[in-house]
Amino acid sequence: MARPGFRLAVFATLLALLVVLLGAYTRLTHAGLGCPDWPGCYGFISVPKTDAQLAHAELHFPEHPVEEAKGWAEMVHRYFAGTLALVIALLAYQAVRRHARDGQPYRLPVLLLGVVLAQAAFGMWTVTLKLWPQVVTAHLLGGFTTVSLLFLLSLRLSRAFAPLPKLPLSLRRIAALALLVVIGQIALGGWVSANYAAVACIDLPTCHGQWWPAADFSNGFHLTQHVGPNYLGGQLDSDARTAIHISHRLGALLVMLVLLTLSWKLHRHGLGGLARLVLLALALQLGLGISNVLFHLPLGVAVAHNAGGALLLMCMVLVNYRIRVVDKVRVGHGWRLTPVTGVHLSHQMRNDSWRRF
């Protein structure tokens with residue numbers, strides 16, 4: 001039976017995923033500055049509509065004429081993000097209140113509350129610093145972090161998994177490596193998006209018809225770009241954007257190799273379902289990435305690519321969680337799965353600090 005708060009955690013996970021996709025839509029439609037102030041929009045709680053509101057916006061923000069569609073894209077994203085913050089605050093409150101009574105995990109919900117507050121700050125800086133790529137990338141990573149931590153919380157509250165026999169250290173290491181390379185690839189994808197480098201190469205498998213075209217890696221990954229310019233549309237030249245794009249492609253190859261190895265190891269150790277899930281998530285994300293290049297970044301595919309990244313990250317969280325829920329009872333000459341009872345599972349959770357977190 002799931003612990004109290006499980007359904008709310010699942011709802012928060014889905015809501016966080018929606019917020020990430022709304023953020024991707026906002027970014028891909030160049031609506032990041034659809035409202036040039038924060039938290040309002042031209043000083044209002046919604047996009048200016050009346051003549052008086054439009055006049056106010058023109059007077060106070062002459063460099064940013066009102067574009068209703070872009071303004072609403074930004075504000076809808078903010079509305080849902082604000083709702084998510086309230087849901088996470090409720091999760092944290094309930095977890096702290098229940099911890100003393102029934103040992104409810106509370107550190108992760110409290111950590112999530114801190115993450116979502118930091119996300120609010122990054123959301124503000126994204127606007128006030130005019131889409132500075134460093135902040136945009138950090139904001140995107142914060143969104144994916146929120147999704148993955150909420151998913152982990154849902155797994156912990158679900159009590160859905162029986163302990164496994166102890167698995168080899170090599171499997172746990174490759175699973176941890178897979179999680180790290182997926183996070184790194186998401187960061188690279190964020191840098192691609194923040195610098196508008198997604199269409200720097202429009203052919204596959206080559207780029208500009210060459211296997212290794214002219215690329216400026218020093219400027220492409222210059223992490224101290226000046227604060228002040230408007231980065232809508234990007235400030236980098238073609239060679240710098242090409243370097244970023246190539247790096248993302250190379251990262252995709254690394255992710256593919258690591259995840260194929262992980263899938264093979266999972267299958268070898270009797271976890272065929274997880275192995276197939278890894279392969280499915282990987283194939284989906286690779287297909288969406290290739291489609292982005294071949295069809296020149298269609299909006300629907302580009303948003304789906306963000307969703308695929310989130311699902312791949314959640315898949316890695318699931319794998320790492322699943323293979324660490326192990327039965328530590330030694331029997332005879334090997335490890336075996338013992339029958340799970342409510343008492344046994346309660347004992348397991350009390351004595352496993354990683355799950356209790």
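Just so it is clear, glycine is given a Cβ too, placed from its N, Cα and C backbone atoms.
TrEMBL: automatically predicted annotations, no manual curation.
Since this is a predicted model, take the numbers as computed values, not measurements.
Positions annotated as transmembrane segment by TrEMBL: 79-96 (among others). The list of residues near the transmembrane segment (79-96) in space but at least 6 beyond its ends in sequence, with Cβ under 8 angstroms from a Cβ of it, reads 4-5, 8-9, 11-12, 15-16, 18-19, 22-23, 104-106, 108-110, 112-113, 116-117, 119-120, 123, 146, 150, 153.
The transmembrane segment annotation in TrEMBL covers 108-125 (among others).
For 131-153 (among others), the entry in TrEMBL reads transmembrane segment.
Annotation source TrEMBL lists transmembrane segment at 174-194 (among others). For the transmembrane segment (174-194), same-chain residues at least 6 beyond its ends with a Cβ under 8 Å from one of its own Cβ atoms are 24, 27-28, 131, 133-134, 136-137, 140-141, 144, 221, 231, 244-245, 247-248, 251-252, 254-255, 258-259, 261-262, 265, 278, 305-306, 309, 312-313, 316-317, 319-320, 323.
The transmembrane segment annotation in TrEMBL covers 242-262 (among others). With a cut-off of 8 Å between Cβ atoms, the residues of this chain six or more beyond the transmembrane segment (242-262) that come close are 174-175, 177-178, 181-182, 184-185, 188-189, 191-192, 195, 197-198, 200-201, 207-208, 212-217, 219-221, 236, 278-279, 282, 286, 289, 319.
If you look up TrEMBL, you'll see 274-295 (among others) marked as transmembrane segment.
Distant neighbours of the transmembrane segment (301-321): 17, 20-21, 24-25, 28, 144, 147-148, 151-152, 155-156, 161, 172, 175-176, 178-179, 182-183, 185-186, 189, 198, 262, 266, 274, 277-278, 281-282, 284-285, 288-289, 291-292, 295; these residues of the same chain sit at least 6 beyond its ends, with a Cβ under 8 Å from one of its Cβ atoms. According to TrEMBL, the transmembrane segment annotation covers 301-321 (among others).
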